[in-house]
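Notes to accompany the following structure.
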Amino acid sequence: MEEVIKNAHTYDVEDVLKFLDVNKDNGLKNEELDDRRLKYGLNELEVEKKKSIFELILNQFDDLLVKILLLAAFISFVLTLLDMKHKKIEICDFIEPLVIVLILILNAAVGVWQECNAEKSLEALKELQPTKAKVLRDGKWEIIDSKYLYVGDIIELSVGNKTPADARIIKIYSTSLKVEQSMLTGESCSVDKYAEKMEDSYKNCEIQLKKNILFSSTAIVCGRCIAVVINIGMKTEIGHIQHAVIESNSEDTQTPLQIKIDLFGQQLSKIIFVICVTVWIINFKHFSDPIHGSFLYGCLYYFKISVALAVAAIPEGLPAVITTCLALGTRRMVKKNAIVRKLQSVETLGCTTVICSDKTGTLTTNQMTTTVFHLFRESDSLTEYQLCQKGDTYYFYESSNLTNDIYAGESSFFNKLKDEGNVEALTDDGEEGSIDEADPYSDYFSSDSKKMKNDLNNNNNNNNNSSRSGAKRNIPLKEMKSNENTIISRGSKILEDKINKYCYSEYDYNFYMCLVNCNEANIFCNDNSQIVKKFGDSTELALLHFVHNFDILPTFSKNNKMPAEYEKNTTPVQSSNKKDKSPRGINKFFSSKNDNSHITSTLNENDKNLKNANHSNYTTAQATTNGYEAIGENTFEHGTSFENCFHSKLGNKINTTSTHNNNNNNNNNSNSVPSECISSWRNECKQIKIIEFTRERKLMSVIVENKKKEIILYCKGAPENIIKNCKYYLTKNDIRPLNETLKNEIHNKIQNMGKRALRTLSFAYKKLSSKDLNIKNTDDYYKLEQDLIYLGGLGIIDPPRKYVGRAIRLCHMAGIRVFMITGDNINTARAIAKEINILNKNEGDDEKDNYTNNKNTQICCYNGREFEDFSLEKQKHILKNTPRIVFCRTEPKHKKQIVKVLKDLGETVAMTGDGVNDAPALKSADIGIAMGINGTEVAKEASDIVLADDNFNTIVEAIKEGRCIYNNMKAFIRYLISSNIGEVASIFITALLGIPDSLAPVQLLWVNLVTDGLPATALGFNPPEHDVMKCKPRHKNDNLINGLTLLRYIIIGTYVGIATVSIFVYWFLFYPDSDMHTLINFYQLSHYNQCKAWNNFRVNKVYDMSEDHCSYFSAGKIKASTLSLSVLVLIEMFNALNALSEYNSLFEIPPWRNMYLVLATIGSLLLHVLILYIPPLARIFGVVPLSAYDWFLVFLWSFPVIILDEIIKFYAKRKLKEEQRTKKIKID
């Protein structure tokens, strides 16, 4: 049973029905439904059990640093309660534990809120499932909730329906059945489905090859069929994806930053424990001092000192500062179209070593585009035109001057000119020295790019003769200089002389009539002619986009002279002799016959506008075929406009279903109308019959009546079939016989397109008589489609996004490998990969070499299923040692496995995708990146980052920002650690000397959370280094602080401790008695615990001293403590300035390079002043106001930290240069 269901595609339908015990004519019986429900369950996706709010809260405290702080707060609270026997307790005595607990509660609240809003991917998956299904039960068709669909149910599906479960096709009632399953498989085009069984050799094939299986949640775009359900719920392919997402949720998903912070917490806890125990043991001899009253209280007192030491050592503000820094980074990334859903992912981007990118919709536009076409412009010569791009403008040039790329970048013709010695230029989209005014990456590839851009702008300002084509400046030949930085505009006279531009001709009339009218797709525009809706098969839509975007409108039809033998049975097509009166007529956008300006279209401008429009790509591509029972049935009433019929038939279907790149938008598109350009072509004729596509003919034809009442047959289809049926061909002068030589020339052109992974189509037409309409069976259609006139052919592909090639080159410069993982076929994947620099132009062609990977293999293309069959060791070897890889025909499980192996190898993996099939891999990767416009909700919710512009280039900007954030994070962590080392050193020295503690725990909390917090946050605004994207990515296990850096900050921290203790001691021993306090000697200060045994010890009563003179060492020390705290704060401000750079002096990088830091240091000092001079605050923090002389002393003790750090930087920088010099010598 399991075997039959698993491999239902290799069994006859009758065998499948027999195993499922169901009759295809009656369906399941109602009495057996309960048994099937018990056996197979309901047709719904499981949802992972959600954590309770209590579990979420507990998870926020499952952190070592947090646990240490909780323990410190608890002990502090207990010790404060124990002090009740000695003194009156006030609320301010509990300030330390209260502040710690409050901070932890706030952090937990933020964490719970983020987690509650993050996990929605499973709910999004459930929303993909259709809610209703048409099912046959007890011989009757009925509509039921798809939840109650069971294995063995017979279902009916037609255009616009979503498949409610995995099903085996029983019978197709239309001539063809096409399914849009790109959201599941990643294929860029809709897929033909058949009912016939497949060979046994396909038992373990990938899901893309299962041509007789319909998968749950995929959409029917053409045809009608019945099928039997073979899998429901979690057993379906989309159920497997859900299971993978659940598994990914349960995996350890700690980011590198979280791992580092946890490791830091472990190391810190060990250090704190050692220091606390050491301090406690050092003071063991003082436990019985009279001041404590008893040994127990002495023990508790020094235990409290140890707790204070722990508070000083823990950077309480670190979590808040890290969160703030990441949040600020996300704001900057939003401006660059990267929306961050999980804060920690920002830092992880900085250490990305491998980007695994989906192809369709990520690296490419996810819009099939016509990139090359050919016509017989001359009598015996086939002319091919190829798409070229400059900036936002597209052109078609004669391809005899171009290379055989998918579509010609600028290298194709500029390098051609350069090779001929006519011009020195280099303006390819992916070549060194290239320059483009809008190019975001030119700074990385040319040191003179900024100067060149300025020169270009100046040239533009001085020239008012730019052509409509977007040319920037016409540069005469005599102005050319012999250097690689010469800028050549496309409007240059040199180009006009060298390149033949395509210009629409009236002789191409029938070619475009065939493109538009032999086509069941449609596009709808708003009032500005911007596409807002499109319906139909992606291939047919590419033909309409070609006509619409280049605004090709009907003008004349030519009186072509036909061969005599052809004229015997037909009447020549007559010219309408009418010029187009449309306000968007041909002369507005294209040149006349005397003007050789090239056709232009700002396709990308439309793309930009589509982001703001309600852009829904509905897949009711062939809605007009719904319900057709036979080939050639009258599609529309004779004499009725094709456009009106098409629009009215689609009226109640436009919201039926959508493709995987549907963009949910609430904008109202009720004013959208069919494209004026497309309508103008369809209004040229009235459609009589459609002869639908069949696998045997591989053709589709349409019979129309033009305005002259002539009956014309237009055909499109597979080039080999069209060419075989053609007897003539159309030129600009006449109609000529098509001989074998010309047929071979056409075949060669088509084969060249195929080598470039283009999907090819050819077009033909012929004149019919009224008797030809009396057709009754399929054989009549074969006869009708003979003796055709060849019009031309074209190639389409989903082209790469603008600048994606440069973005990938920049990744390579930054030491990041880019892998393509796609569900598409190997030829298309390889062609795109070469175009965008994932593969080199001349590599990866030999498929046999690709699959026999050895140690020397550097470039590889792999089929997903074959890669899965490799041993784990071989998979690791390939992924570790191969710099460029393309994976094709991959399934969701393959993508997840690739990501898992890469992570096991220690790589930091970023995964991009837009479809449902990408969700498991997005979840598993260190960074999941989804497309925001065309991405499914499933992909978005499974991701960490969403790209608002669907552009791979944005990923590079995000990585740059991630690296900058990490560098800044290192700066403020170093700053905070050195500060905490200073505090620890202060307490340790105090305990070692046996003097009163100079800093109270609440003062340390103030410094750690507030005073240090502002400068630390401001360090997150440090601008990026100029070479941040020219460095290799760091390893995710690299420590934030290495041994040398720690030694460096121990030196600084030791000075901080010495300075804070020294000014404290200075006040007792040497400070002028401006406040009337009594100077004492060092012995008295270091043995203050024995004060009660000194019979004649007398001091002046200052501040809040009691009658007990020994209180001089507790309440009387408030001024000394204030001086100590002020020195600590000012040193920290100087230390923040030192943290601007790890190696560069303040003379090289002045503080005003980061004005946020300057303002933050001033703000921190103002806050410190507030607690000194506002009495209520001064009482809480145990401080008093300082005089001008006091501040002078504070400055004298603080400023040397600048000098000390400058000395350390000098030696550290010199050592760094020596290391670099040594490495260079070794490399040389």
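Glycine residues also receive a Cβ, built from the backbone N, Cα and C atoms like all the rest.
GLY265 and PHE1147 share a topological domain name in Swiss-Prot and therefore face the same side of the membrane. In Swiss-Prot, the transmembrane segment annotation falls on 975-994 of the listed ranges 215-234, 975-994.
Within 10 Å of the C-beta atom of ASP358 (active site, 4-aspartylphosphate intermediate) sit 31 other C-beta atoms, taking all shown protein chains into account. Per-residue pLDDT, averaged along the topological domain 'Cytoplasmic' (1022-1042), amounts to 77 for this model. Sequence-distant contacts of the topological domain 'Extracellular' (995-1000), counting only residues of its own chain at least 6 positions beyond either end whose CB sits under 8 Å from a CB of the stretch, comprise 305, 308, 312, 983, 986-987, 1060-1061, 1064-1065, 1085-1086, 1088, 1113-1114, 1117, 1120-1121, 1124-1125, 1128, 1181-1182. All protein chains considered, the CB of LYS716 (ATP binding site) has 26 other CB atoms within 10 Å. Spatially, the transmembrane segment (1001-1021) is adjacent to the transmembrane segment (1152-1172); three or more Cβ-Cβ distances between them are under 8 Å for residues at least 6 apart in sequence. Listed by sequence, the residues of this chain that lie at least six past the ends of the transmembrane segment (1043-1067) yet keep a Cβ under 8 A from its Cβ atoms are 974, 977-990, 993, 995, 998-999, 1077, 1082, 1085, 1117, 1119-1121, 1123-1125, 1127-1128, 1131-1132, 1135, 1138, 1142, 1193-1194, 1197-1198, 1200-1201, 1204-1205, 1208, 1212.
Tertiary neighbourhood of the transmembrane segment (975-994): same-chain residues 275, 279, 282-283, 286, 302, 305, 308-309, 312-315, 317-318, 321, 1004, 1007-1008, 1012, 1015-1016, 1019, 1041, 1049-1050, 1052-1058, 1060-1061, 1064-1065, 1086-1089, 1124, 1128, 1131-1132, 1135-1136, 1138-1139, selected by CB-CB distance under 8 Å and a gap of 6+ residues from either end. Mapped onto DSSP classes, the topological domain 'Cytoplasmic' (1141-1151) shows 1 helix, 0 strand, 10 coil. The DSSP breakdown of the topological domain 'Cytoplasmic' (1-63), given as helix, strand and coil counts, is 35 helix, 3 strand, 25 coil. Counted with DSSP, the topological domain 'Cytoplasmic' (1022-1042) comes out as 0 helix, 0 strand, 21 coil.
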